[in-house]
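Now, the feature entries from TrEMBL:
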TRANSMEM  22-42  transmembrane segment
DOMAIN    81-296  domain 'ABC transmembrane type-1'
TRANSMEM  85-106  transmembrane segment
TRANSMEM  118-139  transmembrane segment
TRANSMEM  166-191  transmembrane segment
TRANSMEM  212-237  transmembrane segment
TRANSMEM  275-295  transmembrane segment
Amino acid sequence: MRSPKPARAENPLGNTRRSAKAYLYLLPAFAVLAVFVVYPILMTLRMGFYQSYVYLTDTGTGFGLNSFRYVLQDPAFGLAVRNTMFIVLVGVPITIVLSLGAALLINSLLRTKGLFQTLYFLPYVTSTLAIGLVFRWLFHSEYGYINFFLEFLGLEPQKWLSDPNLTIVAVTIFTIWNGMAFKIVLFLAGLQKIDQQYYKAARIDGTPAHRIFFRITMPLLSPTFWMVTIVSVIHAFKTYNEVYAMFSRESAGPGNSAITMVYYIYDMFFNRGQVHYASAAAIIFLAIVLALTVIQKWVSKRFVYYV
């Protein structure tokens, strides 16, 4: 009986060469990441700690937390945080429920499923600015269809775009509609991954439809559901295009009543030229998003079911 041949020892030099080759292939991606992600973040951190900063000359005076103190005490930033949280806490759940409902209906179709998938995805590839013009017309206080509908129901028409208490509601409705298309596609992808054998077995056992949904569909769809939740929250925090499309780049509605956190950063940087305040607000915004990311990761480990 032959004795087994001894295993060949790994060549450290060969491993080093393979690693170097792999890093060489990744070098262009690292360069792009460094220029367009790492460098802007470092510059933002640097500018945010200046008490005064001139962007064109790259000069600043003072160094400390005064910019953060100013931003946190600024009533406009407080309103931006409240408006953003309103979109997150109200808009995101409605978007998820409507998107899931639409995905379930489309997935139940047999012959026209592909057609409806295309129709529902069209808003996602349409310009937000163009859709914003449509929504400005829909929300118009005199000839908008939304007020026509309210009058049809016997309700008072509203000044959606001129009443400071309603502008953020109009923006939230626009955000919900604008974000549904992509979420529907994600839910459809998740639904089509579920093995149909589970449904067949449940129907044979005479399981009611609502129990099938909560006992089979939702647990198996939980990874997709959680991903849609994360995407929706991030999209809600980044709300800017909808405000810009419905109002302008100079003002987020009457008295900046529809201002969001991203719009506040834009307004400070481009309209007011207060780069250090914009940078401080961006750092605070980043800290909030990172904190939410940590919370979401903690929740996903405990409540998301992966097959």
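Heads up, the Cβ atoms here are built off N, Cα and C, so glycines get one too.
TrEMBL annotations: computationally assigned, not manually curated.
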Tertiary contacts of the transmembrane segment (166-191) (same chain, 6+ residues out, Cβ under 8 Å): 83, 86-87, 90-91, 94-96, 98-100, 102-104, 106-107, 117, 120-124, 128, 131-132, 135, 139, 158-160, 217, 221, 223-225, 227-228, 231-232, 235-236, 239, 242-243, 245-247, 252-254, 257-258, 260
Using Cβ atoms and a strict cutoff of less than 8 Å, what residues sit near the transmembrane segment (212-237) while being 6 or more residues removed from its termini? 84, 87-88, 91-92, 95-96, 99-100, 175, 179, 182-183, 186-187, 189-191, 193-194, 198-199, 202-203, 261-262, 285, 288-289, 292, 296, 299-300, 303-307
Under 8 Å between C-beta atoms and at least six residues away from its ends: which parts of the chain pack against the transmembrane segment (275-295)? 41, 44-55, 60, 67-68, 70-72, 74, 77, 233-234, 237, 261-262, 264-266, 268-269
